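Q: Reproduced below are the annotations present in Swiss-Prot:
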type	residues	note
TOPO_DOM	1-1958	topological domain 'Cytoplasmic'
DOMAIN	1-98	domain 'C2 1'
BINDING	Asp984, Asp990, Asp1046, Asp1048	Ca(2+) 1 binding site
BINDING	Asp1503, Asp1558, Asp1560, Asp1566	Ca(2+) 3 binding site
BINDING	Asp1503, Asp1509, Asp1558, Asp1560	Ca(2+) 2 binding site
BINDING	Asp1831, Ser1834, Asp1837	Ca(2+) 4 binding site
TOPO_DOM	1980-1992	topological domain 'Extracellular'
Amino acid sequence: MALVVHLKTVTELRGKGDRIAKVTFRGLSFFSRVLENCEDEARFEQAFRWPIGSQVDGDEMLEIQVFNYSKVFTNRLIGTFRMVLQKVVEEGHLEVSDTLIDDNNTAIQTTISIEIKYQTMDGSVKVWSDGEFLDIPDDLDGTFQFETDSLLSGRSQSSGTSPGRSIHGIPTFRKAGKGVFSAMKLGKTRTSKDDHKKGDDAAILDAEDLDRKAMRLGGILDPDTISLASVTAVTTNVSNKRSKPDIKMEPSSGRPVDYQISVTVIEARQLVGLNMDPVVCVEIGEEKKYTSMKESTNCPYYNEYFVFDFHVPPDVMFDKIIKISVIHSKNLLRSGTLVGTFKLDVGTVYTQPEHQFHHKWAMLSDPDDITTGCKGYVKCDIAVVGKGDNIKTPHKASEADEDDIEGNLLLPEGVPSERQWARFYVKIYRAEGLPKMNTSIMANVKKAFIGENRDLVDPYVLVQFAGQKGKTSVQKSSYEPIWNEQVIFTEMFPPLCRRLKVQIRDSDKVNDVAIGTHFIDLRKVSNDGDKGFLPTMGPAWVNMYGSTRNYTLMDEHQDLNEGLGEGVSFRARLLISIAVEILDTTSAEIMSSTEVHMEPVSNISESATGKMEEFFLFGSFLEATMIDRKIGDKPISFEVTIGNYGNQIDGVSKPALAKKKKEGGGESEEEESELIHNSSEEEAEDDGDLTSVPSTPPMKPVITDRNYFHLPYFEKKPCIYIKSWWQDQRRRLYNSNIMDKIADKLEEGLNDVQEIIKTEKAYPERRLRGVLEELSTSCSRFVTLANKDQNLSGRTKLDRERLKSCMREMESMGQQAKTIRTQVKRNTVRDKLKLVLNFLQRLRFLADEPQHSIPDVFIWMISNNKRIAYARIPSKDILYSIVDEEMGKDCGKVKAVFLRLPGKKGFGPAGWTVQAKLEMYLWLGLNKQRKDFLIGLPSGFEENKAVKGIGIQAVPPISLVYNMKQVFQLRAHMYQARSLFAADTSGLSDPFARVFFSTHSQVTEVLSETLCPTWDQLLVFDNVELYGEAGELRDDPPIIVIELYDQDTVGKAEFIGRTFAKPLTKMVDEHYGPPRFPPQLEYYQIYRGNCAAGDLLAAFELLQIGPAGRAALPPIDGPTDSDRGPILPVPLGIRPVLSRYRIEVLFWGLRDLKRVNLAQVDRPRVDIECAGKGVQSALIQNYKKNPNFSTLVKWFEVDLPENELLHPPLNIRVVDCRAFGRYILVGSHAVTTLRKFIYSPPDKTANNWAHTGDIVVNMSPEPNIKKMDTVVKIEATTDAVVKVDLNEDEKEKEKKKKKKKKGEEVEEEEPDESMLDWWSKYFASIETMMENLRAQEAAQAEAEEREDLEIAAESAEIKADDFPMKGTKPKEKSKDKKSTKDKKKNNDGTEKRPPKPKVDELMVYNKELESEFGSFEDWLHTFNLYRGKAGDDDDHNVVDEDRIVGRFKGSLCMYKLPLSEEITREAGFDPNMGMFQSIPHNDPINVLVRIYIIRATDLHPADINGKADPYIVIKLGKSDIRDKENYISKQLNPVFGKSFDIEATFPMESMLTVAVYDWDLVGTDDLIGETKIDLENRYYSKHRATCGIASNYSVHGYNVWRDPQKPAQILAKLCKEGKLDGPHYGPGGRVKVANRIFLGPTEIEDESGLKKQTEEHLALTVLRHWEEIPRVGCKLIPEHVETRPLLNPDKPGIEQGRIEMWVDMFPMDVPAPGPAIDISPRKPKRYELRVIIWNTDEVILEDDDYFTGEKSSDIFVRGWLKGQQEDKQDTDVHYHSLTGEGNFNWRFVFPFDYLMAEEKIVISKKESMFSWDETEYKIPARLTLQVWDADHFSADDFLGAIELDLNKFPRGAKTAKQCSLDMVLKEHELPTISIFKQKRVKGWWPFVAQNENDEFELTGKVEAELHLLTAEEAEKSPVGLGRNDPEPLEKPNRPDTSLMWFMNPLRSIRYFIWHNYRWLILKALALLLLLLLVGLFLYSIPGYLVKKLLGA
């Protein structure tokens, strides 16, 4: 019998070296031969044979290790391959290729190939089928619930698995389709205590190897591309996140922050009212700002920008209400009448994408009358910017889309556009446990006189919601007031204000103060889904927290009672309920006002809130360390309180006790006895006289070290216990706990996945699958647990609804998790990770229970009867349940608790010192569950009770005495720290670390002047005594606290930061070896307050000292090469493995160095240091003359860790060399990550394909030329923007063009070249940018939707209505809207977008170029140099910017030695320049800098009137241009259109500052904002940022080529610099560069129209696709405009506006460029609009005639274009129209200036009579026509109006009959015309006005003719106003009915009688004739009859 292993190859090795392999089986090892100088692959091709005596067992192992071989040192392990031989035993022969794993059990890239044969004597090898491996019998399910942290803890649970599976016994497959993993249990399954003693199996095989093998057995090679792969899920943590407890020390909320709210009021539409003069008021909090007033219009246009600045805590900010109101005819004397308002809170805006609403319509409603409906719309932008928020401003270009008001309402996503009015009922029943709020002096006086003892508080409740307040009555002198009142608010539903604030206040004669505050988030008490519910809550108790209960006149923590910051003590609890009722506003009996009103409500029963239960809280203090030394001199005790129970200093106010007795809940004797009677018999015996013990006995602290003390508890641990009575609402907390645990588990898993991705470990997708696996299992477990609960007492509506919705959500989440799990592939990990992060947010949201039950527990440290520091522990975290999942996460566990100072004291440096660290055990449960309260304590203690005797077993102990203790040694391997806080004025620190563990502490050595200390020190803590059972300490060891300090020569060390860690624990009986030991170095994040302050690289291990003493511990073998005295270095095996690296440094120059100690820097030098080695630059002899270095490249060699993540930082220091050999530190910079500077040799494969044949790049969609691949072809006609892969749109465009060529009529003529200018190009480009943005957004939305649909489709089991995640429905809604809108547009041909005229375009970047092109640091990097102490959060004034004292320009390149020779053998390799080949010289160079400033947008107002008078200031070196004369008056969006030329010399003048200042008539001008541009980096960048490459080459016209070098010259230069072959121009418009061929046009037209041959187009094609050129290609900067934010140093981090500009640079040693492009603002064109009012008809009749009561009107028509004040014109009056008909023949003439590109009229006028100069306004071109009734004595009456937008208005009707109201109401659906295109138009238009019901009605019709002429045309054919010459109009033929009673009675009779009674008269006449006929008939018939009869 023998086992033969054929070792074939090992591939994907890193670096170059000698390799050797070692193959081990049954303890016998063979070594392979040594392969020398292997690079990528080692071909061993060797066989090893083991003759064996006994059969090979299925679970025996084969191990192969691959090493780097070294003759001198020990061989270094590359990786290991281990394999279980089960498959070999069964099949006899196997070929395997698999990846190796490293020491950490992580798969690495290196792959091994082997072949194994097993020869048995009898040939008994079974055939092994796939099915067997995949099918696992169901009955085994239970046994595979292995622990999730088994990899971490090293515990191996292999019981119950069949032999021969993996060591873990984790069968990874079951029959596909059965649901893959056996369900992971959510709660941690407790294992028997002796489990771990089995010891760690030394070789844990990674579950993943099994997975891979299993796949291969099925003949599959790539594990993650196939469906089976989705089976591979890893549910154990891969990264060791457990060792990093995340403990936040400082309260995060409550600290004030800078906010800026900007509101742009653009316009209003459809305002309700007649002939109004509207003003818009924007109100935020107390501040109000108003727009200007617009006269006589219902759709005013404002475009005014307002800014509000705040400095408040976030919570206060987000609760502020933004109120937008429209007021009619407000002036100095009158406040005006309110038209309507719109309200939302700041938080709603902040939660929007980008923190803003852009161009949305706010719907106004009338707060005084809710039955009226919509009162109009205001279009506005609202943005909320916090410090450091970066807001992308959408470009302010096209406004066509936003006219659809309904589709663009200012509402968050998910809120329906039709909001209804609703009543919000807040019922206030009663309160309990109020603190006293008056000093007792007066009370004592009163008591002495009157003899009564009153409660010292007069409470009432204040409720605030949506900017309104309501309050209850005041209950005098009552600690337990009963109100039974309700506050009723009327507000739109859903409301846009998220929180409701309920506050108990104390009524006082001087000022009322808050007792406690509670916020109710409406989103948490409602659900907006299909099966959702309206906001509802209670009746439930809410707990209020705030300052401590002792009353002082000046309470320093009063803010806490107002709800700011975390409450530090229980204040009271309040019984409330909330309900909402949607109103039907049509019903008559409804109250129409929105005022808040109060009503009494009936009392509710005691039991409504749940059954009263007795709760028991037990706590034990196992350790109290790190007590701040300030309080270390007096005895200290700890007090634990829950509600008012346990509070001995200022707890229950005595008079209230009598009441408490009824409920059971106090401390007097009769109460106890009463309780005993109520309780069951045995309890009565047990509890005999159980009184609470809420505090520990005082004890004097003992010193730990110079900063901290500890309490000497040793083996005697004090305990506390409290009995309290609360309503039993544990179910709420249980559900919350389950969800919290699921969320914690999910968060841990996701952090792990992120860590795997970050550290580039293998298979993050498997871990993510495992996470989703666990999530879906946990969700289904939640549903079963939540379903079980049947206890209904005290259940509120919210409880029931919330449970239903939580179950629905969890079910759907579980389904989605299952679905997503199947979609996780290697390439989708990041996307899916984002999706799963949404789950986490949803879980956290669901877990937050809005209805409180048991108050939180507070632990106070008390010294000298004063409260010093506290910790607050949510009661749900320590709540006990028999079901594991429902138990609080800290219940019955020992936890580290850190105490902190209360309130504002906890902010800033004072709050950073730990006040005390407690190791504490807490348990809270029902008194009847009390038997379990000691269940989780570390075992080995005896109880010490207060009372001795029989029958008191159940009395809790007052202390525990531990007899069992374990002795440990802690080893803290402190390797290094990086990016520490700069604590000294030099900008550096002298850091040392202090490590605290239990009651011990030690320090590292102090390293001076560094922010990245490498201590490399092992701290050994001997004889650390820990109490408790060994196994528990192993699984959950105590926390280690590491604090970093800066050593100061004088005074005490300054705190730098703190981090926490947990050690890896080894018990005596465990083996010290892989995979758990030795521990790996890890980075721990250091925090200073809430700010990250660096990282610590360290490892910690806790080793149990057994009976053999320290001798048995693993030896400490440090490196032998250095002797550091008593300091132990970090031992081998833990310290990183080092390799030799060379670091090359490019020294370019220094810039902007500030003075040091008032002296200028003259002779600076740069020192570079990394890991103890370094290099110095050459000395700059005269910094002023030339700040560049003479020697460019230097290098040094250094040993660095092979693991890139452990690389130490590189330090850059600049020193100034002064006389007498002194040198002074100027500034320093630490490069924390060297990763981006690591040199990677160019990919050989990339070089090889250069020889495979030419690649032709083609631009046209025709079939590709068959040369090799693709071809670039640009005809002279194609579109300006060329992309290599033509996307769909472009193909469409091409098709369209071809159609056009075929002779189809083109809709819009090509614009004439002479008409076009630079601005045409600019506006066309902006439109393109907007279209691209829109397309991107649409694509993104579509992708998201598709993703949702995929998930929905795959999880089809979900009931249709449960599925949608929040926010999917509204999307669909908006999509429908869009599609209907599009349909509308397409049905009528006019609204379709006209095809864009062909204009050459440029690139508009809506950010600065630097962010688009990596700050132009492609080879030259800028390192900021810092000096001075870093600022903390509260030193708002010290920002990092202020610490910058200069910049070092240079670069780094590091690579492993030795370097391959190919690189150095390259042609022209300069050994002096190392890796920095082909870098230009850094000699001074003269450059012409040309700066183009286009415009600024959204400037911060600088004047009192809310405007600014901006002008441009440009600084570069000594040049300083102030364009003060050309300031632009009162503009926040000024168009500058200027260019400036400056000559500069690099490097002395390289920082360009462009600033916008505000011009002031008196005093100095203020800076609005500035932006800085580093021109040098741009100049030298490979992206060629000197002058943008235009899209087309033209020699004349608006798009003339502006670079002095033509494209062909540029291309030739680039090819030469990049050592490329080419350019070779060939026939047929081809050019070849390297191996690419480009095609393009070859002719050019000059000004005279002659065509000539040119290569420029071809060269330009190559330049525009330069990034595709192999090896040297990169994107060249196109012709562009960049948008840069303006910042003001006084308001750091908040944008003050934006500026659009670009910069060109031209070297002075080449031919000079042509003149600058003219970008001066377009002058508006002068037009004249002539409006002839011919007739009116059907005008409503307003006047009653004095004599006859007859209706008539005296009609005249008024019109204006710019504004009523500016150019109002009236016709004459048509008196006494009885029919509504009026004849005028009257001409209005309106001259105006018009900007075609912006479609705006430009007016210049003085803003007020006091204004210094005229202000320019741009307003839309709208013609207003109104019809009025003239009155002689009173004011004229307004009858109706029409407003025509001259760019698009409905075509007039041909006759008055066809003219209808629809022309106004359905304007969007009708075809529209533009007067600028039609020039002349005539027709009938309706006049409209609103009636009493605010509905539009027709009030008349007007026949008018509009005629537009340019100023020149108007001059040639002048006309007169009215009916005057020239070209007079004839007088109308009016019926003369004025004053005619006396003049012409007949005519008037005709008018009055005939007009009104004509039908009556006609009917009467007809009747008369009929009667006459009948009479004549009757009269003549007898005679006629006689005649007939007689036959006469």
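Going from the start of the chain as shown, residues are counted 1 onward.
Cβ atoms here come from the backbone N, Cα and C positions, even for glycine.
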Q: Pop the Cα-Cα gap between Asp1509 (Ca(2+) 2 binding site) and Asp1566 (Ca(2+) 3 binding site) into the table, whole Å please.
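A: Between the alpha carbons of Asp1566 (Ca(2+) 3 binding site) and Asp1509 (Ca(2+) 2 binding site) there are 10 Å.
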Q: Per residue, counting other C-beta atoms within 10 angstroms of the C-beta, which of the binding-site residues Asp990, Asp1503, Asp1560 reaches the highest number?
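A: Per the Cβ count within 10 Å, the most buried is Asp990.
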Q: Given the binding-site residues Asp984, Asp1046, Asp1509, Asp1837, which lie close to Asp1560 (Ca(2+) 3 binding site), meaning Cα to Cα within 10 A?
A: Asp1509
Q: Least buried of the binding-site residues Asp1509, Asp1831, Asp1837, going by other Cβ atoms within 10 Å?
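A: Lowest Cβ count within 10 Å among the binding-site residues (Asp1509, Asp1831, Asp1837) is Asp1831.
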Q: When DSSP states are folded down to helix, strand and coil, where does Asp1566 (Ca(2+) 3 binding site) land?
A: strand
Q: Fill in the CA-CA distance, Ser1834 (Ca(2+) 4 binding site) to Asp1503 (Ca(2+) 3 binding site), as an integer in Å.
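A: Rounded to a whole number, the Cα-Cα distance is 42 Å.
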Q: Pop the Cα-Cα gap between Asp1048 (Ca(2+) 1 binding site) and Asp1509 (Ca(2+) 2 binding site) into the table, whole Å please.
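A: Counting only the Cα atoms, the answer is 51 Å.
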Q: Write out the long-range same-chain contacts of Asp984 (Ca(2+) 1 binding site), meaning residues 6 or more apart in sequence whose Cβ is under 8 Å from its Cβ.
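A: For Asp984 (Ca(2+) 1 binding site), the qualifying residues are Asp990, Asp1046, Asp1048, Lys1429.
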Q: CB neighbours of Asp1046 (Ca(2+) 1 binding site) within 10 A?
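A: The answer is 20 other Cβ atoms.
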Q: Give, as a single whole number between 0 and 100, the mean pLDDT over the domain 'C2 1' (1-98).
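A: Summarising the domain 'C2 1' (1-98) by its mean pLDDT gives 87.
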Q: Within 10 Å of the Cβ of Asp1558 (Ca(2+) 3 binding site), how many other Cβ atoms are there?
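A: Summing over all protein chains shown, Asp1558 (Ca(2+) 3 binding site) has 19 other Cβ atoms within 10 Å.
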Q: With the Ca(2+) 2 site defined by Asp1503, Asp1509, Asp1558, Asp1560, which remaining residues of that chain have Cβ atoms positioned within 8 Å of the Cβ centroid?
A: Ala1502, Lys1507, Ala1508, Pro1510, Trp1559, Asp1565, Asp1566
Q: Report the DSSP secondary-structure composition of the domain 'C2 1' (1-98) as helix, strand and coil residue counts.
A: 6 helix, 60 strand, 32 coil
Q: Reported as an integer number of Å, what is the Cα distance between Asp1503 (Ca(2+) 3 binding site) and Asp1837 (Ca(2+) 4 binding site)?
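A: On Cα coordinates alone, these residues lie 40 Å apart.
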Q: For Asp1048 (Ca(2+) 1 binding site), what is the tally of other C-beta atoms lying within 10 angstroms of its C-beta?
A: 13
Q: Per DSSP, what is the helix/strand/coil residue tally across the topological domain 'Extracellular' (1980-1992)?
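A: Helix, strand and coil residues of the topological domain 'Extracellular' (1980-1992) number 11 helix, 0 strand, 2 coil.
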Q: Rounded to a whole number, how many Å is the Cα of Asp1831 (Ca(2+) 4 binding site) away from the Cα of Asp1558 (Ca(2+) 3 binding site)?
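A: Asp1831 (Ca(2+) 4 binding site) and Asp1558 (Ca(2+) 3 binding site) have their Cα atoms 49 Å apart.
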Q: The topological domain 'Extracellular' (1980-1992): which same-chain residues, six or more beyond its ends, come within Cβ distance under 8 Å?
A: none
Q: For Asp1566 (Ca(2+) 3 binding site), list the number of other Cβ atoms lying within 10 Å of its Cβ atom.
A: 15
Q: Beyond the listed site residues Asp1831, Ser1834, Asp1837, identify every same-chain residue whose Cβ lies within 8 Å of the center of their Cβ atoms for the Ca(2+) 4 site.
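A: Nearby residues not in the site list: Glu1742, Asp1829, Ala1830, Phe1833, Ala1835, Asp1836.
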Q: For Ser1834 (Ca(2+) 4 binding site), what is the tally of other C-beta atoms lying within 10 angstroms of its C-beta?
A: 6
Q: Can you tell me the CA-to-CA distance separating Asp1558 (Ca(2+) 3 binding site) and Asp1837 (Ca(2+) 4 binding site), as a whole number of Å?
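A: Per the Cα atoms, Asp1558 (Ca(2+) 3 binding site) and Asp1837 (Ca(2+) 4 binding site) stand 45 Å apart.
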